[in-house]
Amino acid sequence: MIKEALARVIAGQDLPEQMAAGAMEAIMTGAATNAQIGSFLTALRMKGESPAEVAAFAAVMRVHAVQFQVRGGQGRLVDTCGTGGDQAGTFNISTAAAIVAAGAGVRIVKHGNRSASGRCGSADVLEELGVNLAMTPAQEQATLEQAGIVFLFAQTHHPAMKHVAAARKEIGIRTVFNILGPLTNPAGADAQLLGVPEPSLLDLLPPVLQTLGVDHAMIVCGGGLDEISTATATEVVEVKGTEILRYTLTPEQFGIPPVNIAELQGGDVHTSAAIIKGILDGEGGACREITLLNAAAAIYLGGRAVDLNEGVRLAATSIDSGAAAVTLQTLISTSRGET
């Protein structure tokens, strides 16, 4: 199936759903060679992935994932996993926003990995903050129940990705797997804040999310940043069931003066972790403001706020009341099995 799919993609043709699924099945089971995988991913990138292809790939990956079964609880499960690859070198904004949103009462099931192309992935910074990435299923359940947030480490929940690692590293370009990460949450998150670095993905992903059954999502692209930006305008596509809304957000709408992207730089993992600690300890400035705005979106998607303005207020309260800092400490201790 992989050879037939490769030939079709090289010819510039989109794959039928069944053929796309068959190709991904070959990859996930180790039936495809590194040469075939590398060629297939490169050809797909050159052709441009179609929504039907991406949805089929994601469905197969979900089947091969180690699922996280959520026990009880009320409200939506929200993920703040972006595609990464924006090369902006910012601190890990989505992780800070996830912790703040959890402190505001949103149930966060953050799916992520170590950095592939940026300086610091969500797994890297959480580990630096003290979170145990090698959690047992019981520890994962405990972190969600007690902290309101769990980190689902991609390396644990997607063991079949080992078949792709070598080819991805060798070709060294963004591939469809950068897109698939946020679409394959092991908990089946029903709401997502999904950051993308390329405006073209704003058109690709809405029908994919609808096909996969996501209830509510915001796909955001902040001038090449895969977050809601405070440096420039952010293009947003909001998916609510069958409805798709497109609009632009600016920092000025929320009373935030535009910042220079340099003010959001994270450097290495130690610096990024220190910035997040500072935000949770109540430090002001550009890093706090962009965290508030992205946390606001997660709070809105989680159904705790009627709009982003209310979300910003709730995010600020989460930090200023100390709830967000307590959330991080609870996440750390429960991930280690200490409570």
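From the backbone N, Cα and C atoms, a Cβ is placed for every residue, glycine too.
Over in Swiss-Prot, the protein carries these features:
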BINDING   Gly82, 85-86, Thr90, 92-95, 110-118, Ser122  5-phospho-alpha-D-ribose 1-diphosphate binding site
BINDING   Gly82, Asn113  anthranilate 1 binding site
BINDING   Ser94, Glu227  Mg(2+) 1 binding site
BINDING   Arg168  anthranilate 2 binding site
BINDING   Asp226, Glu227  Mg(2+) 2 binding site
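Where Swiss-Prot records a feature, it is marked here on the structure.
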{"residue": "Gly82", "record": "5-phospho-alpha-D-ribose 1-diphosphate binding site", "CB count, 10 Å": "27"}
{"residue": "Thr90", "record": "5-phospho-alpha-D-ribose 1-diphosphate binding site", "CB count, 10 Å": "27"}
{"residue": "Ser94", "record": "5-phospho-alpha-D-ribose 1-diphosphate binding site", "CB count, 10 Å": "26"}
{"residue": "His111", "record": "5-phospho-alpha-D-ribose 1-diphosphate binding site", "CB count, 10 Å": "26"}
{"residue": "Asn113", "record": "anthranilate 1 binding site", "CB count, 10 Å": "21"}
{"residue": "Arg114", "record": "5-phospho-alpha-D-ribose 1-diphosphate binding site", "CB count, 10 Å": "16"}
{"residue": "Arg168", "record": "anthranilate 2 binding site", "CB count, 10 Å": "19"}
{"residue": "Asp226", "record": "Mg(2+) 2 binding site", "CB count, 10 Å": "28"}
{"residue": "Glu227", "record": "Mg(2+) 1 binding site", "CB count, 10 Å": "29"}
Those binding-site residues, out of Asn113, Arg168, Asp226, Glu227, that come within 10 angstroms of Gly82 (5-phospho-alpha-D-ribose 1-diphosphate binding site) at the Cα: Asp226, Glu227
Distance check against Asp226 (Mg(2+) 2 binding site) for the binding-site residues His111, Arg114, Arg168, keeping those with Cα within 10 Å: none
DSSP three-state assignment (helix, strand or coil) for the residue listed as 'anthranilate 2 binding site': helix
Inter-residue Cα distance where the pair is His111 (5-phospho-alpha-D-ribose 1-diphosphate binding site) and Glu227 (Mg(2+) 1 binding site), in Å: 16
Cα separation, Arg114 (5-phospho-alpha-D-ribose 1-diphosphate binding site) to Arg168 (anthranilate 2 binding site) (Å, whole number): 14
Reduced DSSP assignment, Asn113 (anthranilate 1 binding site): coil
